[in-house]
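**Q** One structure, as structure tokens, below. Some questions next.
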Amino acid sequence: MAFRLLSSKSNNLILSLTPVRGLATATPTYTRPLSAAGLFASRHMRNDWTREEIKSVYDSPIMDLLYFGAKVHRENFDPLAVQQCTLLSIKTGGCSEDCSYCPQSSKYKTPVKATKLLDNDEVLIAARKAKEAGSTRFCMGAAWRDLHGRNSNFKKILGYVKEIRSMGMEVCCTLGMLNESQAKALKEAGLTAYNHNLDTSREYYPKIITTRSYDERLETISNVREAGISVCSGGIIGLGETPEDRVGMLHTLATMPHHPESVPINALVQVEGTPLEKQEPVSIWEMVRMISTARIVMPRSMVRLSAGRIRFSQPEQALCFLAGANSIFTGDKLLTTDNNDFDSDQEMFKTLGLIPKPPNFDQGITPNKIKISEQLEV
């Protein structure tokens, strides 16, 4: 006996049970409700999602999330194209913030030691090496709350942005909170994207960070968007939050006036000395749920499989790509935590038949614009 889909009308799946050898004349059918993942899987952009709708997608059966996440992904991107990015810590440690997950906070005793801003040669050499290794996006992170009183360092960073952009790579920064003039200066220097994660839901946020408000994060994102810079904003799972908190974070992102062009999904990397050092690692199925849901509700955003990838096997990472992820960070370090090595990633690309995704320099100019050449014809 074999099943085949006859219809999905009235939000129900109607399936036919057909004899393999055609021995029976009757064709019995049965129905079951179409999961929310299937109901809401669409190429159409929406900014009016309700929290309940996103929760129903998140709660869909894993097999449906994988299938419909992959379906939406293929309708908007080449499913084999995965962008390789490199993230360099250009100013490490000594941060005044109290983010409970972060070993760079000065509030905690961790193995991370504070350093000054890297000089021009160190940064540009790292960028060139990243490009030679296949990265098309170079990200620079500085452990600061904001740029107040850092004019000389900010001018240096503007110079780094110009130099790296001239290498033909996308350039991303994460430097803490930005005001309008700082965002405009970064745009003029050639910055492609600015990363400013929400981390978690508004409700759970005060349990993770007290030194910066949720609204301050949203204000920086607004300043970045208004400057014409691509927004990169996602969060971390495994902080002790509930599924409702994960849904809440996705809801905030998916109801912005324009979806973030990039949505990083991070799995907590526990670091000794931080308040979250003993948190249980997240499972691959939790990552798949987040990635698939993000892909379905923000169909044209880059969904980035980010921190914590080192814990997942090659087959587990393949599930993430199938679910809708189309970007990874390469290199031995992600800021201060370990990452997958170059050889392992190259082997994975070969095994899975993945191809490097080229840089996209149009992002941030026209929100959510997708070039026809980057779409897969189906």
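Note that the numbers count up from 1, one per residue, in the order the chain is shown.
Glycine is treated like the rest: Cβ placed from N, Cα and C.
TrEMBL labels come from automatic prediction, so no person has curated them.
Per TrEMBL, the feature domain 'Radical SAM core' maps to 80-309. The [4Fe-4S] cluster binding site annotation in TrEMBL covers CYS95, CYS99, CYS102. The feature [2Fe-2S] cluster binding site is assigned by TrEMBL to CYS139, CYS172, CYS232, ARG304.
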**Q** Between the binding-site residues CYS99, CYS139, where is the Cβ count within 10 Å the lowest?
**A** CYS99
**Q** Other residues with Cβ within 8 Å of the Cβ centroid of CYS139, CYS172, CYS232, ARG304 at the [2Fe-2S] cluster site?
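**A** Not counting the recorded site residues, we get CYS85, LEU87, ARG137, THR174, ALA193, ASN195, SER262, PRO264.
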**Q** In angstrom units, rounded to an integer, how far apart are the Cα atoms of CYS95 ([4Fe-4S] cluster binding site) and CYS139 ([2Fe-2S] cluster binding site)?
**A** 19
**Q** Name the residues of the same chain, 6+ apart in sequence, whose Cβ is under 8 Å from the Cβ of ARG304 ([2Fe-2S] cluster binding site)?
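**A** The list for ARG304 ([2Fe-2S] cluster binding site) reads GLN83, CYS85, CYS232, GLY234, SER262, VAL263, PRO264, ILE265, ALA325, ASN326, SER327, ILE328, PHE329, given in order along the sequence.
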**Q** When you average the Cβ positions of CYS95, CYS99, CYS102 for the [4Fe-4S] cluster site, which other residues in that chain have a Cβ within 8 Å of that mean position?
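**A** Same chain, not in CYS95, CYS99, CYS102, Cβ within 8 Å: GLU97, ASP98, TYR101, PRO103, GLN104, SER105, ALA143.
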**Q** What residues, ordered by sequence, lie under 8 A Cβ-to-Cβ from CYS172 ([2Fe-2S] cluster binding site) and sit at least six positions away in the same chain?
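**A** CYS85, ARG137, PHE138, CYS139, MET140, LEU191, THR192, ALA193, TYR194, ASN195, CYS232 - these are the non-local Cβ neighbours of CYS172 ([2Fe-2S] cluster binding site), listed in sequence order.
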**Q** Pick the one among the binding-site residues CYS95, CYS102, CYS232 whose Cβ has the fewest other Cβ atoms within 10 Å in this structure.
**A** CYS95
